[in-house]
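K.L.:
Annotations per TrEMBL:
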type	residues	note
DOMAIN	156-425	domain 'SAM-dependent MTase RsmB/NOP-type'
BINDING	Cys246, Ala247, Ala248, Pro249, Gly250, Gly251, Lys252, Asp269, Asp295, Asp314	S-adenosyl-L-methionine binding site
ACT_SITE	Cys367	active site, nucleophile
Amino acid sequence: MAARIITAVSRDKHSLTAELGRSLPLLEDKQRSLCQQLSYGVIRHYSTLDYLSQQLLSKPLKAKDQDLKNLLLCGLFELMHMRTPPHAVLSETVNASKKLGKQWASGMINACLRAYQRRADSLNQDLACDNEASSAHPAWLLEQLSHDWPSRCSDIIEANNQAAPMMLRVNRQKCSRDDYLNKLVQADIPAQALNSCPDGILLDQAVDVYQLPGFEAGEVSVQDGAAQHVVRLMQLEPGLRILDACAAPGGKSCHMLEHKADIQLLAMDLDASRLKQISENASRLNLEISLLCADASQPESWWDGQLFDRILLDAPCSGTGVIRRHPDIKLLRRPEDIAQLALRQQQLLDALWPLVRAGGMMIYTTCSVMKQENEQQIEAFLQRHHDATELQIADAPAHRTHVGYQRLPGDDVMDGFYYACLQRS
């Protein structure tokens, strides 16, 4: 199953999250955990494992046998990164080749894995000479990270190749953080307060959400601390008219309502299926939310003419700040995507800015680390709009850049994130 999921991502360019969502329910609990671990692990280290497979195979496999190659990568990952006994790895991987209907390949799989065991030291030395393979990042992304963050590039790569920790946001309308931490203790789930986020909790280990006390009752949500910082930047007050312009899946909208239920919030998204996610999340949290399916960059088709006190533009972006959560970004994202996304961000900024009242604010955020999407984007915006001023943030949630604030992956254990607060004069 893991080999099929990885093939759907690497060959067919499907989302890993979507493929896991389709496949995991078909498995039993124990199988589900292993399948998820293998799928994430192989995708996270794909360039490394692919390089090793090329050294071990006597000739490249045919295109129709990509599932077989990815099965070999699963075996290599298990030998390198998991505690499964080597004899069990070989046995399970060989048996899996038969389940793929490719019994002819069982000897080849066995030979490759045994060869890796014998040659691991020399293969790993060779690996170190190939930047793309040793870093498990595509060449274009390495080049861009090195250009944008020369002194932090290695830190970003290291963070991207780690599994992300699980963080929670306590619904303060239902429970205090201290009370919820006590519930976690009673449930034998080790955790600690996320000090920089008043509602945040960091779990020692990820768990299924339905193991979380009170999850279905809306006491808690899963949200990284970097995203939790946004609500403070909104400077919420009763009665404010607020637009969350690209709201799905709704974490930030729900967080705002948990803080100030008496705001007038409109949550918008272009994707109707993702808008449904917002409705489901709000319902679980017992929050009332106004939803609109529309293109935020075309306000003439949906705007009622009333100005907003606050607009949150959590813009579509490359996701390069959350690669540790979505490792398939390294396989699916292309260098030309950055310019296309930057253009879309510019269109959204320019279309929404006239909808902010004088004295009101737009909060621009992304989960990207690319300067073209972040500080360069906002610098260009300020040059186009002379009625816009960037506000400096007291007790900022990230490092100050030329314009705005950037958090890099792993900073304070959180995701990569960019923030800019823009006030209209």
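Placed from the backbone N, Cα and C atoms, the Cβ positions cover glycine too.
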K.L.:
Measure from the CA atom of the residue listed as 'active site, nucleophile' to the CA atom of Lys252 (S-adenosyl-L-methionine binding site) and give the result in Å, rounded to a whole number.
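P.N.:
Taking the Cα atoms only, Lys252 (S-adenosyl-L-methionine binding site) lies 13 Å from the residue listed as 'active site, nucleophile'.
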K.L.:
Only counting partners 6 or more residues apart, tell me which same-chain residues put their Cβ under 8 Å from the Cβ of Cys367 (active site, nucleophile).
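P.N.:
Ala226, Ala227, Cys317, Gly319, Thr320, Gly321, Val322, Asp415, Gly416, Phe417, Tyr418 - these are the non-local Cβ neighbours of Cys367 (active site, nucleophile), listed in sequence order.
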K.L.:
In this predicted model, what is the average pLDDT of the domain 'SAM-dependent MTase RsmB/NOP-type' (156-425)?
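P.N.:
Mean per-residue confidence for the domain 'SAM-dependent MTase RsmB/NOP-type' (156-425): 98 out of 100.
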K.L.:
If you skip the near sequence neighbours and keep only those at least six away, which residues in the chain come within under 8 angstroms of Ala248 (S-adenosyl-L-methionine binding site), Cβ to Cβ?
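P.N.:
When sequence neighbours closer than 6 are ignored, Ala248 (S-adenosyl-L-methionine binding site) has Asp269, Asp271, Arg274, Leu275, Gln277, Ile278 within Cβ distance under 8 Å.
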K.L.:
Listed S-adenosyl-L-methionine-binding residues Cys246, Ala247, Ala248, Pro249, Gly250, Gly251, Lys252, Asp269, Asp295, Asp314 - what's their greatest C-alpha to C-alpha distance in Å?
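P.N.:
Site span for S-adenosyl-L-methionine, by Cα atoms: 19 Å.
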K.L.:
In the structure shown, which of the binding-site residues Cys246, Gly250, Lys252, Asp295 has the fewest Cβ neighbours within 10 Å?
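P.N.:
Lowest Cβ count within 10 Å among the binding-site residues (Cys246, Gly250, Lys252, Asp295) is Asp295.
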